[in-house]
């Protein structure tokens, strides 16, 4: 029996564990795992209630996920309503392309800066209250932004930046609540439903934004829809959402918080976390650029071909494509992951890599065809977005099973910070800057549809290249995911590398009666009750 102590400050104990990070297993492994072992080491069967926390019923658990899904939907609707009325905002404030891109960039910068703060709070304090505060804040700010006059563009930019604070409080915390409610395949399914909200909410943002603005005759009304629903969500959070115990769904109730600097050091040592975070950064770069610029770009391309174009109709088409592609992509990605993981423990990063690499030619040729055939370009955009969306729920699932419960909000926050800082915080602005720079080489007016469509197209050619880089990073993460997942499982269940309880069952630091969780490690003479 190992004399190592349970991982309350697991950074200390891991230094004493002889962990071999070399990995010579094949990337693709078709054999079924041995009976005594799961896909990433000793199988740990947690005897749990209907949810991970016995104090939360199945009905309430599903209701909590439904509320989180609805909030996430509003989150992305709010974020992309701006893109649906971008031309109206451009005309109202008389903006250049680079100034258009700044609207999304300042929001993302604020969002990513405050994410680590809420990640720290989310690992240590009651999460429902933090979420309620954040949602109320972004609802009030979004509503206020709709009243800013045309001579106060700076104030509008400031308000959009502050909206990011509210959204950061939610995005870093919500997935960790789902993780503490459900485990294994049920968690994968719940995350799939939760992340439907990203593409569906984004698409609805384009559709609702453009059409509400058209119906009321002013773009400002587009910013007054989600705030009302946001306040409703705050009420639902305080009435229905119940805080699950951290780690309850996996039997990790013995874990305690470690110092914040220790959390960050452990995340930096986690190769899978680092590689998948940078891979997701590439996804964020591409989706951020497309989300802000695609409707306006397609509008300019149609006008350049001498055809009539309506911004509301284009936003409706692009929004519909985004909703359909996202719904199909997230579902295919999550279901493929669920089916493949039992045979190949590296399935998750491989699916993410497959989606990004296969997305590349669809994205590239959709840009090429905007010069000749808009309908064909729409079709290619649909397939490209579907493949790009394969990874949304998978990325979240990977993070949750390679990081222990008491530092998951911090991990979410770090991933948000990096992916947005290097991804969609800069990509909308960068596309606008490149477009403006290229426009100087034309003799025609920089605001003409032919010039803007050509310069935006050339700027967009950067995105397929980024997809290839992202695919390579996910392939690299497949080399380490088994060991990093097994390491997190051992820490969560207070096991050493042999599958034995660290320090034995009599160790006073283990909360034997916590939640009546039974942990069974498969294999001969390896059953202990916690």
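Any Cβ shown, glycine's included, is placed from N, Cα and C.
TrEMBL: automatically predicted annotations, no manual curation.
Segment annotation: TrEMBL labels transmembrane segment over residues 62-82 (candidates 20-40, 41-61, 62-82). Confidence for the domain 'Major facilitator superfamily (MFS) profile' (64-482), expressed as mean pLDDT, is 88.
Sequence-distant contacts of the transmembrane segment (62-82) (same chain, six or more residues past either end, CB-CB distance under 8 Å): 56, 89, 103-104, 107, 131, 135, 138, 142, 160, 163, 167, 170-171, 174, 177-178, 181, 190, 193-198, 200-206, 208-209, 222-223, 225-226, 229-230, 233, 236-237, 240-242, 291-292.
Where the transmembrane segment (129-149) meets the stretches 102-122, 221-241, 273-294, 416-439, the count of C-beta pairs under 8 angstroms peaks at 221-241. The stretch with the most CB contacts under 8 Å to the transmembrane segment (416-439), chosen from 102-122, 221-241, 314-335, 375-404, is 102-122. Note on the transmembrane segment (273-294): residues 79-80, 82-83, 86, 100-101, 103-104, 108, 202, 267, 318, 349, 352-353, 356, 363, 381, 385, 388, 391, 395, 398-399, 402-403, 411, 414-415, 418-420, 422-428, 430-432, 456, 460, 462-463, 466-467, 469-471, 473-474, 476-477, 480, 484 of its chain, located 6 or more positions outside it, place their CB under 8 angstroms from a CB of the stretch.
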